[in-house]
Structures are given as C-alpha cells and as structure tokens.
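Feature annotation from Swiss-Prot assigns signal peptide to 1-19. If you look up Swiss-Prot, you'll see E21, E56, E60, E67, E71 marked as 4-carboxyglutamate. Residues annotated as phosphoserine in Swiss-Prot: S22, S25, S28. Feature annotation from Swiss-Prot assigns domain 'Gla' to 51-97. If you look up Swiss-Prot, you'll see C73-C79 marked as disulfide bond, on the strength of sequence analysis.
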Amino acid sequence: MKSLLLLSVLAALAVAALCYESHESLESYEINPFLNRRNANTFISPQQRWRAKAQERIRELNKPPYELNREACDDYKLCERYAMVYGYNAAYNRYFRQRPGAK
C-alpha cells in the first residue's frame, strides 16, 4: 500500500512537471493568429509588394501552353475527371480542341 501511494505521488509530480505551461508560449502569436490590416502590411514593404505583383503578371503572361491547357481543364469538371485517367493533354484535346470541319 505504501509503494502504491509513493507511485501515485511520483506520477502526480511527473504529470505536474510535464504539463507546466511556461510563459514563452504566451509570447507567441498563437493566442491571436489574426492581425489587423495595419500590422499585416508592415511585413512587406511597398517596394517588395510592387515587385511581387509585377513578377506574378510576367509569370501569367509567359505560361507555357501545357499549363494554360491544364488550367482550362481544371475549370471544367468532366475534363478534370478525364484527365485523371488519361492525362491532361488527352483531356484537353477531347474537350477543348477544335474538331476538323467544326466552327
């Protein structure tokens, strides 16, 4: 009985030691993950924002044809399902290519 009491006291101390909450966790942003607009804009300078937007526009304009075909296919559910089985190239050809003689 004495050993059971000693074991339970040791277990309680172990639980208390392992479950101790330090003050470091209170300093993190996990408590409030959402920032207001003013604080959110301080992370990236306007110069970096402008450069990122310009690079994104350039990437959108210079996409290879297979990427454009894939995006068109992703927007159409039947084409996307067909692509999962036969590939995006075959799916795009089936649903979006002009057929000979068709207008």
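Cβ coordinates come from backbone N, Cα and C, glycine included.
Cβ neighbour count for E56 (4-carboxyglutamate) (all protein chains, 10 Å cutoff from its Cβ): 10. Mean pLDDT, taken over the domain 'Gla' (51-97), works out to 90 on the 0 to 100 scale. Its Cβ taken as reference, E71 (4-carboxyglutamate) is surrounded by 12 other Cβ atoms within 10 Å in the chains shown. Taking only the Cα positions, the spacing between E71 (4-carboxyglutamate) and C79 (disulfide bond) is 11 angstrom. Considering only the recorded positions E56, E60, C79, the residue whose Cα is spatially closest to the Cα of E67 (4-carboxyglutamate) is E60.
Look at the Cβ of each of the disulfide-bonded residues C73, C79 and count the other Cβ atoms within 10 Å; the largest number goes with C73. Remark: secondary structure over the domain 'Gla' (51-97) totals 39 helix, 0 strand, 8 coil, with classes taken from DSSP. Using a 10 Å radius centred on the Cβ of E67 (4-carboxyglutamate) and all shown protein chains, the other Cβ atoms total 12. Cα of E56 (4-carboxyglutamate) to Cα of C79 (disulfide bond): a span of 26 Å. The Cβ of E60 (4-carboxyglutamate) has 9 neighbouring Cβ atoms from other residues within 10 Å, across all protein chains displayed.
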